[in-house]
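Have a look at the structure below, then the notes.
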Amino acid sequence: MDGNPPKKLTFNSQVFDLAFHPKNEIVAAGLLTGEVFCYKYSVEKENELKYQLSEHKKSCRSIEFSLDGNKLYTASLDQSIIEYDANTGKKIYLNSEAHDSPINKILCLNENVMASGDDDGIVKLWDVRENKSIMQWQENEDYISDMKFVPEKRNLLVSGADGYFSVFDIRKKDVYARSDNLDDELLSITLVKNKSKVIVGTQEGILNIFSYGDWGDVSDRFPGHPKSIDALCTIDENTICTGSSDGLIRVISILPNKLVGVIGSHDDYPIEQLKLTHDGKFMGSCSHDNSIKFWDIDYFFNDDGDDEEEEDNYEFAGFAGGSDDDDDDDDEDGEEEDDDDDNDEGKKDKGKRKLEDNDDDDDDSDDDDSDDDSDEDKKKKKKKKAKKAKRGIGGTHKTSGNSFFAGLD
């Protein structure tokens, strides 16, 4: 089955986020329409729909499985967070006013704690057992684009569209550290080199590299992407994949910094997310072309290399081991050709906020609040400030007496 990943999944709307189950061959997708789909994917069989959910009133921007895989969390433009039973899709609770502005990102830190970030730069921590906010920060002035958690240091890493990279100690109310303004929108985060290096993708197509703990300014920069880097995925300690608004998925070596090749693409449609399956065999990508594609990472990166010439051709000619087969499109969704024509406006530089504006305009007659939300989104502009003095690491490391954080050691 090498080089033969699951078939791609095709939907009736743009896919904003995807999440893989931590133990099983299950993937969940959040759509522009607010719908959530959960599939069992397979190499041997057809992908099987487990359930479809329609609880959100507006787009589902972020989706996460709990670390044990028993719960599924979704966050939306409608400012809500919903918890589901991941096995059945049954709603467990709805927090309809989790934030005062649209939520852009959620992240499970352990079985008890979840983080959320919104369009106003606010980050919250939640006790998911009680559906209660236990901490809140606002160090960013524009939307929170991505978050990563480093449990051994209890650090929550946060990128913002205002150009600041923030680091929070989840036990403390004050910011732990913040970078200088990088004069670019920060869009995505990943870690390599045994978490000693933090990679941040930007609107201008630059990979900024921080040395962990030295947050004032970047230690290295790797330009070269012609458009924004919206998604990052670590493959091994020296290699990452990037998802760009030009639709390409690239393989990048870090330190030494080098473009290794191109795995594949979603044509000209921006890529929203890249994530690995629980076993690391496949990587999933979602895009504005209404699809999730699977890429055989295990086959690509663990090839025995007996035929060097064949390997070189395979590496740079485009990734053969991907679910990028146009012949399957008509079999999976007879409407996709029409959808492509209708959604050309979603190509290239138009991100999820533009799509949400268009969707709000289409739904004016159905949603009395959509005009207000659309106007508010249109007013939301890049709020860059002049460079400030570097903020160093603040506070001392004290072991919390609160057993609530015990699982984060």
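Even glycines carry a Cβ here, placed using N, Cα and C.
Residues or ranges marked as compositional bias 'Acidic residues' in TrEMBL: 323-344 (among others).
What TrEMBL records for 357-375 (among others) is compositional bias 'Acidic residues'.
Under the heading compositional bias 'Basic residues', TrEMBL lists 379-391.
The annotation region 'Disordered' is assigned in TrEMBL to 306-409.
Beyond its flanks by at least six residues, the repeat 'WD' (53-94) meets 16-24, 26, 28-38, 100-108, 110-111, 114, 116, 118, 126, 128, 131, 352, 355-356, 359-360, 367, 370, 373 of its own chain at Cβ-Cβ distances under 8 Å. According to TrEMBL, the repeat 'WD' annotation covers 53-94 (among others).
Taken from TrEMBL, the feature repeat 'WD' covers 96-136 (among others). Counting residues per DSSP class in helix, strand and coil order gives 0 helix, 23 strand, 18 coil for the repeat 'WD' (96-136).
For the repeat 'WD' (271-298), the model's pLDDT averages out at 96. Residues or ranges marked as repeat 'WD' by TrEMBL: 271-298 (among others).
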